[in-house]
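Undergrad: Structure in structure tokens, see below.
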Amino acid sequence: MSVVNFYGQLSNTQQFDQIRINIASPDQVRSWSFGEVTKPETINYRTFKPEKDGLFCARIFGPVKDYECLCGKYKRMKNRGITCEKCGVEVTVSRVRRERMGHIELAAPVAHIWFLKSLPSRISTLLDMTMRDVEKILYFENYVVIDPGLSILQKGELLTEEELQKAKDKYGEDAFTASIGAEVIQQMLKELDFAKLKHELYEELQTTSSEVKKKKIVKRLKLVEDFLESENKPEWMIMDVLPVIPPEIRPLVMLDGGRFATSDLNELYRRVINRNNRLKKLIESKAPDIIVRNEKRMLQEAVDALFDNGRRGRAAKNANKRPFKSLSDMLKGKQGRFRQNLLGKRVDYSGRSVIVVGPELKLHQCGLPKKMALELFKPFIYSKLELYGIATTIKAAKRMVEAEKPEVWDVLEEVIREHPVLLNRAPTLHRLGIQAFEPLLIEGKAIQLHPLVCAAFNADFDGDQMAVHIPLSIEAQLEARVFMMSTNNILSPANGRPIIVPDKDIVLGLYYLTLAFDNEVGEGMMFSDLAEMEHALYNKFITIHTKIKYRRNQLNAEGKMVHVIIDTTYGRLMVGELLPSNPNIEFKFINKQLTKKDISLVIDLVYRHCGQKATVIFADQLMKLGFKYACSSGISFGMDDMVVPESKSTHINETQLEIKEFEQQYSNGLITYGEKYNKVVDAWSRCTDRVANDMMKEIATPRVSDEPNHQKINAIYMMAISGARGSFQQIKQLGGMRGLMTKSNGQIIQTPIISNFKEGLTEFECFNSANGMRKGQIDTALKTASSGYLTRKLVDVAQDCIITEKDCGTDKGIEVKSVIEGGEVIVPSSEKILGRTAAIDIFHPVTNALILNKGELINEAKLEQIESAGLDRIMIKSVLTCESTTGICSICYGRDLATGTLVSEGEAIGVIAAQSIGEPGTQLTMRTFHIGGAATKGAEVSSVEASYGAKVKIISRNVVINSEERKIVMSRNCELLLLDNNGNEKARHKIPYGARLLVDDGDMVVKTQKLAEWDPYTIPIITEKSGKVLFKDMVEGISIRDVTDEATGIPSKVIIESKQYSRGAELRPRIQLLDAEGAVITLSNGLEARYYLPVGAVLSVEDGVQISVGDIIARIPKESTTTKDITGGLPRVAELVEARRPKDHAVIAEVDGRVEFGKDYKSKRRIIIHPIDETMSIEYMVPKGKHVVVNEGDFVKKGDLLIDGNPVLQDILKVMGVEVLANYIVKEVQAVYRLQGVKIDDKHIEVIIRQMLQKVEITDSGGTTLLAGEKIDRHEFEEINKKAIKNGLKPAAAQLILQGITKASLQTRSFISAASFQETTRVLTEAAIAGKVDKLRGLKENVIVGRLVPAGTGYFMDKMRKAAVKLDEENI
């Protein structure tokens, strides 16, 4: 017996390792066929039998009934294989009608529409004609010259009917050959000599210098090479014979009323046959040329409609004006073959029902209604009934089950015991959307679900439904139990934190239980054991909130039991009793008011130190305790719990006075409308916060009362602070003031809603708030779809990313440092490196002791050592630098977040990454409307304070002292660092240009000391020398305009866009500084003192005035701020992973150098960078209206922004390299999710980035056969170069390119996967011409061909099978 057979014999359908797609030759089509279809009839409407030679002909396609010929002469099995001599039908199973094909011999050749119209058109590219011209020939509009003969016509020239006639008259009938229709295209394709053509194109490529021409030649050359490699013949793109697909695949079914429903394909085939037959008759009867040509054109159109209806011209429609579904439509889209039937199948042994809560279940159980279980496990019950002799036959068993005899229930209990079932809730956004449970039989009709798994399923009990599936085989049951059991899915694969965390009521109950009040009965009493305390509690000597002392036994660090006396409450001790005993889990973790966060931390600790079983038991008991006390606490939501602070009116009056002042300033022309708007919005934001803070203070203070059982703490406050329900954002609106609202376009309405929900809104306020609320509702509806689409694209691009080996052996890695924003450490580096592996040996900076070996996993213990050593920058391995050729290695990936151990081989990390990024997207889309459109914008930052006592260090310090003796920052990239005593960076602040610096380099500062301040609403333009102002190129009405404010009547000078005037194009408005002699002052960098003014700048000085150093000569108002929410976020994530150019993108400097402004060109400004090493200077053309963030003479570093905005990802890759790009994308994506409080591990985003960086673009072909401009796989490129070097040839050069996820998915190695994703016809056309081979490596293509996916257990089966084949070969 061979080793292969040992691993299960591959069934007949499975004996292939790869799939190849080709263009079918006419001979091949005939070889598939079982006969020619010559009649358009389908079935006889009287006898309902198929017509002979028609589209359902039994002679061609096989018998309609099993083992029965059409005329009924031969019936039954004994006659199988006989062909009836009367009706010509072979006696066999009717199933062959699903497999046998027919064909139609076409009377005239017809072009295949995919090769003609699928862009780029293959036929026209090969013939080097435009698609329009080829169409004119095919659809009988123009003739084409094949052989110019003695005439001066060109080969391939098009002639109309008149031109042809004229040429014939001029040169004679036989002087040249011109023809029309598909025949001539077929002939032209036949005449192509690919070897010769390839040589000619290569030569032309070398000689041509035009980029456009090169691109065109490369395209054609690629196509020629594809044909040569695949051995397809180009004339096969024109068809002489048409295949007819089996009739059962295009069925005709009889409806109740004697009418028939038919597949559209039959109608399309009928048209083709009718036109074909008519054409045959016309040719035979030698009809006039014009009639024959018209019929040929109609045949071409009929075949086009069959293959791809609507692709060219008007779609063929049925009687109801609905277009017919063609063969292409059968494959395309969500309802097509790929996505509907191959990737998404309906399965047997499943059911669905409403879910209800099952608080008494254990974590691994679910309640299954008896009726449902009986139906789902029917076959198992039948076999057991028969086995035990309760029923004699299956039929008897069936009757017993239908009658629901008592014995049946006993058998059902036995069948169900330890047989896991899968529960799934749609939408399944991540792998925790399907989990396995052990069923418990229950009465009723609803499925009971354990409360703790609701978070993973995102389920609630307001009518949600769930589906049940039964794993049938032993292997499936085993996988369900080992991998999918709810108890094995405690951690979230997105961030490695527990997902089985108490929520809502449980949290509220535990919070209430762990409260400690002053002056309770029995305060300060001492107890030695719980029984004694319980006694005291029941006799009302203490309450659960009384502060007491207790002697507790616990394990110390050595693992010995010790007695400690602790201050605690009875409630906290009850939680403490549930803790597993472990020296690392100390009582202090729960000896406090437990909020949701604390509980999550404790569960995490228990999991890390005591393992899975202990965690499950702990979580279950915690849940029961929480529910019990949520019930007995009697916490409810009351009107009086919403407290309106007394100080509210004071704050509002103050703010209104402030706003009057702003209005006054605006009327006096001191500030622009935009600045006023920003200030007003800010003032109201601050007011709302103050009211909210006062309200919070009032709510948070315990109430004192002599009433028994009086609730001391505000119920609403408890709900919010514990994390059970609601947020302070919502409480603010209930009792404070609703605050500012947003318009539908995201702009903030200046008049806030002063009322809250308790007081009720006025009509006007209600109208204003409806606007923002409506936006929330609409957002939710629209975003859910786009989020689902993003997930789908992510899954598609990453689906073949699988862990394939332990270690790829690379030395590369990426450096990780803390994320600092506004001087605050938002994400410490320790959080980013947990669960990753070190890329180098890591030593203690002081003692030089080895902390981590290279390639060692950073776990919690190692992390503590790194933190205590004060290391902030760590080199870690990353999937981005992994050098595995297929897949990724375990060491580069690090910890599997769902288990907390090193990731195992076969894990489908790509899909997990895609789900982790996509799943929160859907949740976030639904976040906007919970706040009901209230604006959530913080006041603008206008200063920085020291967050620590530290020493100041200023990077790129360039300051001037102005007339008020203030230090003004003149540098564009000034940063202020706070260093501790060891010189470690504690905080980093970016100080904007024009800020007033209040400290200097080397100063010591104390906490909360102000370091710098600036105007947050405008960007100033500041002088660095004193002198006299001279306006240049400021022409009234063309480049500058006096803008008089409508409300105030105050004029101010504003720079305007001068495009519309011819002379305006040359103007470059600027201010120059003159010395006493009237000469232009020279600055310190040797350039003249001239300041270019962008469009929109408001002048602060008049022409001819004297100004001093550090004065503001103009202000550029910042755009008014809009609220940030995931609405901006989700499209931002999509923009990043699709690698799109942002709308107003930044321009980044490619080299270090000095900036100079060159001569403008039309509506563009010219920025020139002169590199330090005086090589070629680099020019950038930027639109005039854009805000340039550098001044003339500034020194810029490589990668600095020249123009504000989001940088283009491709630019970052080109200028700064892969690591900087990856860091940027990770940072930006994380920023979007962080805004919503969602945690995703960096490695998931890195996996996606790796998939986006799979391809390289050839820049120089060297000695290889690659073409410049061709895009190929990175590993493929390396292989080709290795071969070239081996053969002594010059290797090719290439640059890495970044592709968006859609593009990357469509260019994957597997054409099956790409075709099932998008643009099905284009992908298949391309693959057929190149004769592509799909090696079936990814998950998707294996699902489509119906195999186990090569991940998880399937990966090992695959590996074993391959090893077995190898062994067999060796043995032979």
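One is the number of the first residue shown, and numbering goes on along the chain from there.
Note: Cβ is positioned from N, Cα and C throughout, glycine not excepted.
As annotated by Swiss-Prot, Zn(2+) 1 binding site applies to Cys69, Cys71, Cys84, Cys87. The Mg(2+) binding site annotation in Swiss-Prot covers Asp460, Asp462, Asp464 and rests on sequence analysis. The Zn(2+) 2 binding site annotation in Swiss-Prot covers Cys808, Cys882, Cys889, Cys892 and is backed by sequence analysis.
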Undergrad: Select the closest residue to Asp462 (Mg(2+) binding site) from the following binding-site residues, measuring between CA atoms: Cys71, Cys84, Cys87, Cys808, Cys882.
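TA: Out of the listed candidates, the nearest Cα belongs to Cys882.
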Undergrad: Report the residues of the chain - excluding Asp460, Asp462, Asp464 - with C-beta within 8 Å of the mean position of the site's C-beta atoms, for the recorded Mg(2+) site, in sequence order.
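TA: Residues close to the Mg(2+) site, other than Asp460, Asp462, Asp464: Ile355, Ala459, Phe461, Gly463.
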Undergrad: Taking the recorded Zn(2+) 2 site as Cys808, Cys882, Cys889, Cys892, identify the other residues of that chain whose CB atom sits within 8 Å of the mean position of the site's CB atoms, giving them in sequence order.
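TA: Residues close to the Zn(2+) 2 site, other than Cys808, Cys882, Cys889, Cys892: Glu805, Asp807, Thr810, Lys877, Val879, Thr881, Glu883, Ser884, Ile888, Ser890, Ile891, Tyr893.
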Undergrad: Among Asp464, Cys808, Cys882, Cys889, these being the binding-site residues, pick the one whose CA is nearest to that of Cys84 (Zn(2+) 1 binding site).
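TA: Going through Asp464, Cys808, Cys882, Cys889 one by one, the closest to Cys84 (Zn(2+) 1 binding site) is Asp464.
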Undergrad: Would you kindly give the Cα-Cα distance separating Asp460 (Mg(2+) binding site) and Cys87 (Zn(2+) 1 binding site), rounded to the nearest Å?
TA: 64
Undergrad: Would you identify which of the binding-site residues Cys69, Cys71, Cys84, Cys808 has the most other C-beta atoms lying within 10 angstroms of its C-beta?
TA: Cys69
Undergrad: Using the alpha carbons only, what distance in Å do you get between Asp460 (Mg(2+) binding site) and Cys889 (Zn(2+) 2 binding site) once rounded?
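TA: So the Cα of Cys889 (Zn(2+) 2 binding site) lies 39 Å away from that of Asp460 (Mg(2+) binding site).
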Undergrad: If you count Cβ atoms within 10 Å of the Cβ of Cys889 (Zn(2+) 2 binding site), leaving out that atom itself, what do you get?
TA: 21
Undergrad: Ten-angstrom check, please: count other Cβ atoms within 10 Å of the Cβ of Asp462 (Mg(2+) binding site), all chains counted.
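TA: The answer is 5.
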Undergrad: Out of Cys69, Cys71, Asp464, the binding-site residues in the record, which is closest to Cys808 (Zn(2+) 2 binding site) when you go by Cα distance?
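TA: Closest by Cα: Asp464.
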Undergrad: Between Cys889 (Zn(2+) 2 binding site) and Asp464 (Mg(2+) binding site), what is the CA-CA distance rounded to a whole number of Å?
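TA: Cα-Cα distance, Cys889 (Zn(2+) 2 binding site) to Asp464 (Mg(2+) binding site): 40 Å.
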Undergrad: Around the recorded Zn(2+) 1 site, report the further residues of that chain (criterion: Cβ within 8 Å of the mean position of the Cβ atoms of Cys69, Cys71, Cys84, Cys87; site residues excluded), sequence-ordered.
TA: Ala58, Leu70, Gly72, Lys73, Tyr74, Glu85, Lys86, Gly88, Val89
Undergrad: Have a look at the binding-site residues Cys69, Cys71, Cys882, Cys892 and say which one has the shortest Cα distance to Asp464 (Mg(2+) binding site).
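TA: Closest by Cα: Cys892.
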Undergrad: Do any residues at least six apart in sequence from Cys882 (Zn(2+) 2 binding site), in the same chain, have a Cβ closer than 8 Å to its Cβ, and if so which, in order?
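TA: Long-range Cβ contacts: Cys808, Thr810, Ile888, Cys889, Cys892, Tyr893, Arg1250.
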Undergrad: Would you mind pulling the DSSP three-state label for Asp462 (Mg(2+) binding site)?
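TA: The residue in question, Asp462 (Mg(2+) binding site), is coil (DSSP, three-state).
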Undergrad: Counting Cβ neighbours within 10 Å across all chains shown, tell me which of the binding-site residues Cys87, Cys892 comes out on top.
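TA: Of Cys87, Cys892, the one with the most crowded Cβ is Cys892.
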Undergrad: Please report the DSSP secondary structure of Cys892 (Zn(2+) 2 binding site), reduced to three states.
TA: helix
